[in-house]
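Down below is the structure, laid out as structure tokens.
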Amino acid sequence: MCLPTIRKIAIIGAGPSGLVTAKALLAEKAFDQVTLFERRGSPGGVWNYTSTLSNKLPVPSTNPILTTEPIVGPAALPVYPSPLYRDLQTNTPIELMGYCDQSFKPQTLQFPHRHTIQEYQRIYAQPLLPFIKLATDVLDIEKKDGSWVVTYKGTKAGSPISKDIFDAVSICNGHYEVPYIPNIKGLDEYAKAVPGSVLHSSLFREPELFVGESVLVVGGASSANDLVRHLTPVAKHPIYQSLLGGGDIQNESLQQVPEITKFDPTTREIYLKGGKVLSNIDRVIYCTGYLYSVPFPSLAKLKSPETKLIDDGSHVHNVYQHIFYIPDPTLAFVGLALHVVPFPTSQAQAAFLARVWSGRLKLPSKEEQLKWQDELMFSLSGANNMYHSLDYPKDATYINKLHDWCKQATPVLEEEFPSPYWGEKERSIRENMWSIRAKFFGIEPPK
């Protein structure tokens with residue numbers, strides 16, 4: 001597939017995926033303009049920790065078009081909340097976590113604190129600052145007369161609305177903006193009856209707020225297990241953890257229970273699959289992930305099966321290799337992949353994207369791209385929320401496949417932007433990552 005000549009590129013988001021995409025594109029030396037739009041006041045995306053919380057999250061939360069409202073404070077610029085909590089440490093060891101063109105500083109912890117990653121991102125962003133429009137919110141992205149019209153506005157009060165024209169747009173806004181809380185019978189009334197009794201992990205900041213409270217954590221992924229670890233020293237025992245199919249851990253501090261079937265807002269009882277009932281629960285914390293969101297009206301209104309990007313938020317539709325919009329590959333995404341090591345995966349995607357948009361690599365035909373999508377959907381057997389899931393060893397295969405494609409780009413540049421490759425060492429660390437983490441933190445690895 002041949003693409004039109006691309007000279008001006010917009011990147012939406014200056015977080016981890018947006019920054020590495022900008023570096024990859026600039027390294028091609030093939031474009032007249034590369035502009036990043038970032039609504040926060042500094043680059044780094046969600047790694048910009050905010051202690052202030054938003055109080056506008058609906059319960060349940062199932063709308064992928066939900067827009068994140070800034071927190072209005074005394075500062076000159078509004079603050080967009082981050083899902084990070086105060087004591088967060090990464091769930092990925094530094095041997096895998098970083099970009100392959102920037103090492104962590106010596107003596108960095110194997111599983112660094114959030115502020116270490118924020119500083120890592122700050123250093124990585126430094127040479128890109130002239131290309132970033134900070135404190136700038138993108139309102140819409142629309143294809144008109146063969147070009148992409150990006151409508152944007154400064155986040156400072158009184159800023160005018162502006163428009164600019166681009167040949168291509170890479171959406172790098174991540175997938176940690178719209179929390180998902182499933183709609184379970186009685187949940188709405190239960191949450192309204194006692195405000196603050198139901199929250200999402202994105203609103204968790206510090207365990208001291210849960211001292212002596214009876215807590216039910218919903219979910220079994222890394223965020224849920226991490227919150228259980230932080231709550232264990234302070235919360236009332238046992239902490240309950242609701243898992244699909246239940247769980248094996250039953251001890252004084254933690255009891256794993258089946259999924260929730262109903263909330264009773266009058267008695268404050270929580271009914272579980274199999275008949276068990278929990279009572280006197282002070283807080284329910286949903287660690288149920290996030291919805292994919294494309295919060296731009298002109299793109300969100302695309303509804304036909306051949307053109308739509310979003311419907312229920314389970315995944316982004318019509319994207320080849322989790323990157324290129326099949327109907328028009330001058331629109332792309334970096335950072336959609338789930339259950340991966342984010343930085344190297346985004347770097348692999350960015351390296352591939354840059355070589356395609358510069359014309360040094362060609363995409364397969366539209367028919368082949370659609371065939372790839374159809375085969376992936378068929379393999380999921382209806383589990384659409386796993387569309388972007390690349391858990392090990394899929395992520396290693398994906399990263400190396402993109403690396404191999406990048407090696408085929410012609411002509412070869414004197415200084416090629418690096419595409420990561422995972423050899424035996426990286427694969428071994430990735431395969432054993434959870435046991436490595438459990439040993440580091442002194443906890444029982446998840447079953």
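Each residue, glycine too, has its Cβ placed from N, Cα and C.
Here is what Swiss-Prot records for this protein:
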- GLY13, ALA14, GLY15, PRO16, SER17, GLU38, VAL46, TRP47, ASN91, THR92, ASP137, VAL138: FAD binding site (BINDING)
- THR90, ASN91, SER223, ALA224, ASN225, ASP226: NADP(+) binding site (BINDING)
Neighbour count (Cβ, 10 Å) for ASP137 (FAD binding site): 20
Inter-residue Cα distance where the pair is VAL46 (FAD binding site) and THR90 (NADP(+) binding site), in Å: 13
Integer Cα-Cα distance in angstrom, ALA224 (NADP(+) binding site) to ASP137 (FAD binding site): 31
Distance [Cα-Cα, Å, rounded] between ASP137 (FAD binding site) and SER223 (NADP(+) binding site): 28
Most Cβ neighbours inside 10 Å, all chains, among the binding-site residues SER17, ASN91, SER223, ASN225: SER17
Pairwise Cα distance for ASP226 (NADP(+) binding site)/ASN91 (FAD binding site) [Å, integer]: 9
Distance, SER223 (NADP(+) binding site) to ASN91 (FAD binding site) (CA atoms, angstrom): 9
